[in-house]
Amino acid sequence: MSAPKLSLCVEDTGYEIAFAGRSNAGKSSAINSLTNQKQLARASKKPGRTQMINFFSLGNPDQRLVDLPGYGYAAVPEDMKRIWQKELENYLIHRQSLQGLVLLMDIRHPLQHFDTMMLEWAHSRKLFVHILLTKADKLNRGPANQVLLDVKQTLKKMKLSFSIQLFSSLNKQGLEELASVMAGRLNYTLDKTLDFDLDAIPEATEDDLNDELMDQDETSEFNTENIDDHLDQEPKI
């Protein structure tokens with residue numbers, strides 16, 4: 001099921017884990033890899049249903065994955081950005097079945113402003129968070145591991161004890177680790193036979209698809225200095 005706003009979402013019962021991140025963080029690709037279904041997140045040239053809250057179950061209607069609209073909305077008009085920021089806020093604050101987040105961040109651009117806001121908010125709600133540094137294949141092993149270490153140190157500075165890993169949907173790096181995390185929270189196994197509701201599947205934006213073709217020589221712009229200004233702020237979305 002897909003819902004344009006909180007009031008139209010599926011019944012607020014059971015257990016949900018939401019996938020969140022910027023619109024170009026590789027969210028659709030990660031979901032496809034996790035579920036072993038290449039077309040789970042179907043491609044689209046328009047934002048369309050990617051600007052909806054998308055629910056689908058892992059064979060059990062009481063255990064759901066939720067694909068949230070990517071924050072950033074690069075190709076979306078300003079009015080729609082404001083509307084969806086409000087709907088995202090409503091979901092995150094009021095959804096009682098929401099038990100945790102998988103937060104996706106491009107390894108070359110981790111801990112952007114909205115990422116830190118999401119982390120602070122999740123901490124304030126006492127949700128579990130598992131962080132994916134996506135597109136790890138874009139960096140060599142040494143630089144990728146350094147970004148992982150830098151982000152861990154920044155999380156420690158922020159007094160956040162969230163789990164974090166490297167991930168690449170292209171070469172499946174970190175897929176088993178992610179599957180293990182999901183298995184610890186849901187009745188989930190990395191299995192091609194899972195029964196998904198394909199009518200309730202989010203579509204990938206053109207921006208998502210184009211981003212997969214970005215120059216692999218691009219280096220990380222991670223800098224802990226831009227985090228300091230947010231450490232003492234009250235969590236908000």
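Note: Cβ is positioned from N, Cα and C throughout, glycine not excepted.
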Per Swiss-Prot record, range annotated region 'Disordered' [choices 21-51, 207-237]: 207-237
Collapsed DSSP category at SER28 (Mg(2+) binding site): helix
